[in-house]
Every structure is written in C-alpha cells, then in structure tokens.
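**Q** Mind looking over this structure? Questions follow.
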C-alpha cells in the first residue's frame, strides 16, 4: 500500500500543506505556473484557506498528471503541533474516503517544520489514514460496499528507507488501535469472556507469544476470590488471560499491563439504571487497549519484556451473585468488604495485578474504564492517572504526549489510603463513597501494586466518543493503545 518516491507522478489525489506564512511555497509557485496563475488568484481570494484543518480541493482540469489537489490548512507555524497534524490529516483522509479515492500521494516535505521532521509526518500520516477512515463493524443485513485507499505514496527528498520504516510503524499503530475499537464496539452476547480469551490466544499464536488462560478451577486454586466474586452471578465462565512477550534473552525489567475485561456491567445488586447500563458492553476497554498494544508489540518486536494480564467476566444479577456486605478474599490474601457491587472493576484488577506480579512484572500499568468520577473531573478527552512511582509515570506521560493521548495525574494522599482501609470486617472496602470517586478507585488498586512501580489509567471518559471526530466515528476510540505501545518501544531503546 505504501510507497516512497522523490518526484511527483500521476495520482488521483495529492495532499499538500498550506501554512499562513507560506502561501507561495516553492511547490505552490511551480504548480501555479501550470495553472497559469490561477492558484495565486485562489489564494488571494481565500478560496484556498490556510486556516487550521481547512481542506480546499482543486481540480487540475488536465493541466497536470494529478487529477485533484487537496490543500490542507495548518495555520501558523508557531502553533503547529502533532495534534494539529493528526486532526488535519484525519479530516483529509475522511475527505478522500468520501471521494472514493484509491490512489493518493502526500507531499511530505510540505508538512515539515523545525518542530516536525519527515519521519514524524510519515508516521502520523500512516497512522491517521487508518484511524480517520475507520468504520463501525455492524451486524446489519444490508452491507454497503466500501472503496479502500489502495495506494498511498509519500513524496519526499528524505531517505526512502527511513520514511518507509516510519510509514510501517504508523500504519501498525493505527491498525491495532482499530482492532481495539472493534473489540469495544462488539455486543456482549458476542464478546463473552470466553470469546475475549480466544481472541487473545489467536493474537499470541500469530506473534509467537507465550500465553496462559486460567479457568475457574485454576483461579480457585490460586485464591482469586475477588475476580471470582464478580463472576458469581454469571452463567459465563470467568477467564484470567495472560500474554507473555519475551523481547530480551533474560526475563528482567518486565512491564506488566493489566486491562479490565468486564464484558458487560449491570452493576450487580447495586444495579445501574437503564440509561447507565446501555453501553456497558464497553466496560472491557482496558482489556482492548492492552490487546491492541500487544498487537503493535508483536508486529514491531521491541527489545523489552512485556506481560499482558486481563481478568475477564461479566457482572450480572442472579440468585448466586455477590452482594453488598459480602467479605471476599483476594489472591493477595487481603480481605475486602463489598460495599458496592458496581465497583467490580477494581476487584477484578486486584487479582489481575497480583497475578501479573506472580508472573514476574517489575512495572505495572493498569488500564480500565473504571469510574464516572474521572469524567466529572477531567471530561471526555483526558485520561486520569495515578501512581506510586513518579519516574515510571513520567515515562508514561512522555509516551502519551508523543501520541497525543492526554493524561492528567490525580493524587494519592495518606488520608485516601485510610478511607479504603476503613472497614470493621476486612482489610479494605471497595467503595468508600462518591466523594473523590476516581481517586478512591485508584487508591484501592494501589493497595495491590504495593511497592511495585505502578501507574493507573482510568479511561472511562476517553474510551468512547459520543460523536464523530477527525480521527474516527462515534463509538470506541482505542484509547491508550498507542501510548502503551510507545512506552514499550521507548523502554526498548534505552
């Protein structure tokens, strides 16, 4: 699909950047000659806009070998960022998709500035080509034909091998993010814990990773009472899924991802209202993020050891379901008083984190659609983060800045720990109250990370989008897939 060339050839469409300061770039000047001065007229009349994310289409009318030019406005160079570029190109690829373009090229060097080099631009272009044109996988009987972009050429004077590598990495990041989106969008009667485990096993086998899938009996032997409690009401068996990627000769410096895999959440006996229950098929967004990251890792083979652990079940009501006031014993040996059965994700993660440590994780990053409180605090575009290790958090933060997946650190104070440890009957309680809800949930999980360096990522607000946007349709976003993978890639470079 991807090609790199130094000279522009015949294409259906060519994408060109327009900055405010460069309305007459060398390429535009040369092209203007072919257009007999008409491009300059369009610029002066503002028919070609330099405003951020403005897309202006110009038909060559046979004056060049290119059928149409798509000029992408990027605003002022001083405010040009990777986020601007991602949004602008995402919108551009959506436009090309709508026009059913099959052969497109991008004038890569026109997007290059002192801030962003050609490798950056190539990576982002290939990444958002997949993200921006992603379509929901539906179950409708009337399937519409989709015209795909079959050939995408980067025109640049830079080293072709380096640009090809950047295009490949970007493409893999975008594709794996879309894989996670598809998982999150799947209905709960299709994506059960068993089906999620089967998907994980297929992924592991494809990329020659080791894996384990613990069944209920094995969990009972290991004392995974927290995950098993959540599963009590279900007819679907629980799964504790582990993927093991060995990027080094020795099993050291192991990064452990733990993704919440609640395939449907009714709230249990702490029952959600109807409007709060619809959409809870997406409560396994953390698991999807972890699996998406492992897809990237499997493709790119970084020199880093990684474990991905997914505790998976649904949380439903029945005569056997766990109840408020129950006291359960986690794999760690810590006992938990259940005050809220709708705070089930942290229970599953408690055993997931303990299991990841048992498998050898030296660093822990958990990802979960955990609390509505984080949405109240940070909105729908920023992931909440908590940590017991600032050095690890800084590495996660740097990765998130590189991928434009915003995160913001929330605090853990001793008084927060006291609140989750406040129980007359057990070591911990799973829900101290609504105040500081996101912080309480993260603090609870931290009790199981203990002294292992740990970062918690609450993606309840960022895992799904209520409306279409430049990087995709409404629905699942694949939040944190690219950040997790980038973190591992950077670890591997050290």
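Every residue, even glycine, has its Cβ placed from backbone N, Cα and C.
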**Q** Where Swiss-Prot shows 260, 265, 283 binding Mn(2+) 2, which of 162, 164, 198, 344 is named for the same site?
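**A** Between 162, 164, 198, 344, Swiss-Prot records just one in the Mn(2+) 2 site with 260, 265, 283, namely 344.
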**Q** Can you check which residues sit near residue 342 (Mn(2+) 1 binding site), meaning Cβ under 8 Å from its Cβ, same chain, 6 or more apart in sequence, and list them in order?
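**A** When sequence neighbours closer than 6 are ignored, residue 342 (Mn(2+) 1 binding site) has 265, 267, 268, 270, 271, 272, 315 within Cβ distance under 8 Å.
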**Q** How many Å separate the Cα atoms of residue 346 (active site) and residue 283 (Mn(2+) 2 binding site)?
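**A** About 12 Å separate the Cα atoms of these two residues.
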**Q** List every residue in the same chain as residue 283 (Mn(2+) 2 binding site), at least 6 positions away in sequence, whose Cβ is under 8 Å from its Cβ.
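**A** The answer is 260, 262, 263, 264, 265, 345, 369.
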**Q** Using a Cβ-Cβ cut-off under 8 angstroms and a sequence gap of six or more, which residues of the chain neighbour residue 344 (Mn(2+) 2 binding site)?
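**A** Listed in sequence order, they are 230, 262, 265, 268, 315.
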